[in-house]
């Protein structure tokens, strides 16, 4: 009888090989992530974005935050800018600043994407005959504060508004601009989603779902049209110091819109789905690769319950 230490345990070789394969797989994934990261964050220059793909860039939600920063960055790269937003006064001010600072042409179209009746006919007329190289679908709206679905103030109107602004505007603006890009065989569409669309976020459920739509729509559209010269990118920022996020002072992980956009534009052509900014990319990798979705949802619920309580407490004190 063979000594116990020499007895072969059935299947032990199989488990060893499985372990080696798993380690090799994770090693390969890590290497690919590092390689793609270096390509985007070190070598990226956004060379695909500029007047050579079309004279004009169209930016929705162009008078504040990330939209304004995209308009200015594209103007800095030599593109003429069509600014679309709700307030004619803020549009005039933003257009004047861009024209004087970057010496490019500007055009403004006042439109309230929350009230879509007939606005797309007006936008289509305003864009007619323009050589549009870049479309930035940025306009968006979120909750005033985290809230349970059935307790959202003015729920019916809020749903209509959020779906019209966050989803329908992306589809409709793409419908208007994409044919011209296809006709020339080149163009870039940048759809601003959110890190909230990477996994469900309780108490921001509708907003999170609309941003997940933008991400899926972008990636599907890119697969449909990439062989025809069209580059569609889904941009998923974490917190940026904007009015929408209610953050006033930029930090390393909550950058100014200008810092964020300068970084994000450099990833165009290198990443079809991007968090746009290196610290955000690290947070995105951790939250989707290392943290189980169930844990991310639980953490989101806990954080937003705290934010909700603090908001309602302040409101009651007023």
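Heads up, the Cβ atoms here are built off N, Cα and C, so glycines get one too.
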**Prompt:** Which one of 145-165, 166-186, 187-207, 208-228 shows up in Swiss-Prot as transmembrane segment?
**Reply:** 187-207
**Message:** What does the structure give for the C-alpha distance between residue 78 (NADP(+) binding site) and residue 194 (substrate binding site)? Integer Å is fine.
**Reply:** 27
**Prompt:** For residue 70 (NADP(+) binding site), what is the secondary structure state per DSSP, taken as helix, strand or coil?
**Reply:** helix
**Asked** Using Cα coordinates, what distance in whole Å links residue 70 (NADP(+) binding site) and residue 194 (substrate binding site)?
**Response** 16
**Message:** Can you give me the same-chain residues 6 or more apart in sequence from residue 66 (NADP(+) binding site) with a CB-CB distance under 8 Å?
**Reply:** 138, 192, 237, 240, 242, 257, 260, 261
**Message:** Suppose we draw a 10 Å sphere around the Cβ of residue 74 (NADP(+) binding site). How many other Cβ atoms does it contain, all chains included?
**Reply:** 30
**Request:** Tally every other Cβ atom lying within 10 Å of the Cβ atom of residue 194 (substrate binding site).
**Result:** 26
**Neighbour-count leader, CB within 10 A, recorded positions: 70, 207** = 70
